[in-house]
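Record features (TrEMBL):
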{"type": "ACT_SITE", "residues": "Glu223", "note": "active site"}
{"type": "BINDING", "residues": "Cys92, His222, His226, His232, Met240", "note": "Zn(2+) binding site"}
{"type": "BINDING", "residues": "Asp169", "note": "Ca(2+) 2 binding site"}
{"type": "BINDING", "residues": "Asp293", "note": "Ca(2+) 4 binding site"}
{"type": "BINDING", "residues": "Ile295", "note": "Ca(2+) 5 binding site"}
{"type": "DOMAIN", "residues": "114-271", "note": "domain 'Peptidase metallopeptidase'"}
Amino acid sequence: MQCQGGVPGTNVEEADAKILQNQKDSVAKQYLAIFGYFPNIAHSPIQPPPTTPEVSDKEYKEALILFQKSYLLPVTGIADNPTMAKITEQRCGNWDMFKAKQLVDVPQEKMDLYYKKAKSGGFTWALVGQPLGGMDIEETTEAIDQAFKKWEAASSFKFKQVPENANPDITVTFKEETEALNTVVGFSSGPPDGKIILHAARGWGYRKHNIMGVSLYHTMLHEIGHALGMKHTFYRGSIMFPMMKPALLNPSRLDEIQAVDRLALSKLYRLTQPNISLTENDFDDNKCPKYLDSIVDVADDQWLLFRNLNAWRIKLTGDNRKFVSKDPILISKIFPNGPSFVNATTRLGDLIILIAERSIYGYHYDGVKFTPAKDFPKQLHSRVLFYPNAAFSAGGEIITLIAGNVFAYYNPLGNFPTLLEDKTKYFPELPQDLRGGIMKTPGSTDFYYMFDEATVTSYDMKAKKRATFSSLLDFVKCD
């Protein structure tokens, strides 16, 4: 008997794919409506819209593109994997936009009371009720107090804890909230009514408590900013970036109020002498980068150094390394349909791997250009709960992903972890804030160059010890 129709199973697979895409679109539309990406929808973040807002295909595509551009995602206009990965991250419930427009500052009449408090005795705060979500009162209060102290140091404002019946300026409350999206961890109202609401069921973590949870400390840094009148920013280095951080985040990263936030606060409060030191110049006198976010060997004789949205080529001749050009190249110009920034990079044979938050991109390099690899991009497996800050090849089909003091052995081809463990136990003497690693001899896992932001360490993988140590500027020449 002759089979009729197309390849068996094709129609079923197409139907399943359509159902899955419809589900993604439904979630994406709801998300975009909640956080202000549609021009004709203005829901409060705490009063979510219907499950699937009624919008045209054109409005939906434009909202997706606006979201993708805002978060430096590949701009496709569809709810693809990188977009859905971002949508499913834990985040603050305050708006990103309002009717598809950038948010404006809090009106002056609402800021007047806070102006006076900032210039006089400062602000009071209170924890209202009991903390929920498994943390005790002492640990919760410590995390909140530490966050206020960071803002105090960044602003010169005073913050004092008072009893909840003392009419505090800022209140912090844990509540059992019902939200349309289970990724929202809390939200805040701004001046003159600074109320911070944290969702009790989100699994909070601080120091040694629930390290797989959401960081209460980093969330409070963010929400205090809202309570003071600050709005979301899409700059990833800002504490006002909408996405929240895991409790296991390396404490040396993003635990300070950044320069961009101090400047925004000084502008909002009309401070003539903002409490800020200008960030150190990112380049040396010869205009070569002094710092890196990540680094990868794209060929045996060529590396790429990444910093912010840019990349620099490094040429290797024997033991000498030299910047090919002082002029940076936009990452998005080098890698087709790739990310605009990277958190970690590594090489696996002829496969170049870029990781931007939880998206894994793969490329092949022919010595001239990069070509997207088949079956990429992918989303990091759900068992890996951290955001990789560094990566290096472990040999074979395995790479090592690191964030703070945790690491994973990971198979990017099969897209699954093979081991999750303590970095300090398996890799003692690695740089504390590791950004990447490159094999000294291509294909050999005996010795590596290990990089943090500004220095390079020679690391003996067999002995688990570091040998030589130098600055990035001494390691890579800039003529």
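Quick reminder: no glycine exception, Cβ is built from N, Cα and C everywhere.
Apart from the site residues Cys92, His222, His226, His232, Met240, the chain places the Cβ of Asn94, Ser188, Glu223, Gly225, Met230, Lys231, Ile239, Phe241, Pro242 no farther than 8 Å from the centroid of the site's Cβ atoms, the recorded Zn(2+) location. The most densely surrounded of the binding-site residues His222, His226, His232, judged by C-beta neighbours within 10 angstroms, is His222. Under the DSSP three-state reduction, His226 (Zn(2+) binding site) is assigned to helix. Among the listed binding-site residues, namely Cys92, Met240, Ile295, the Cβ with the most fellow Cβ atoms inside 10 Å is that of Ile295. Look at the Cβ of each of the recorded positions Asp169, Glu223, Asp293 and count the other Cβ atoms within 10 Å; the largest number goes with Glu223. Comparing C-alpha positions, Asp169 (Ca(2+) 2 binding site) sits nearest to His222 among the binding-site residues His222, His232, Met240, Ile295.
In space, Glu223 is the closest of the recorded positions Glu223, Asp293, Ile295 to Cys92 (Zn(2+) binding site), judged by Cα positions. The two recorded residues Asp293 (Ca(2+) 4 binding site) and Met240 (Zn(2+) binding site) have their Cα atoms spaced 20 Å from each other. Nearest to the residue listed as 'Ca(2+) 5 binding site' in space, judged by Cα atoms and limited to the binding-site residues His222, His226, Met240, is Met240. Between the CA atoms of Glu223 (active site) and His232 (Zn(2+) binding site) there is a gap of 10 Å.
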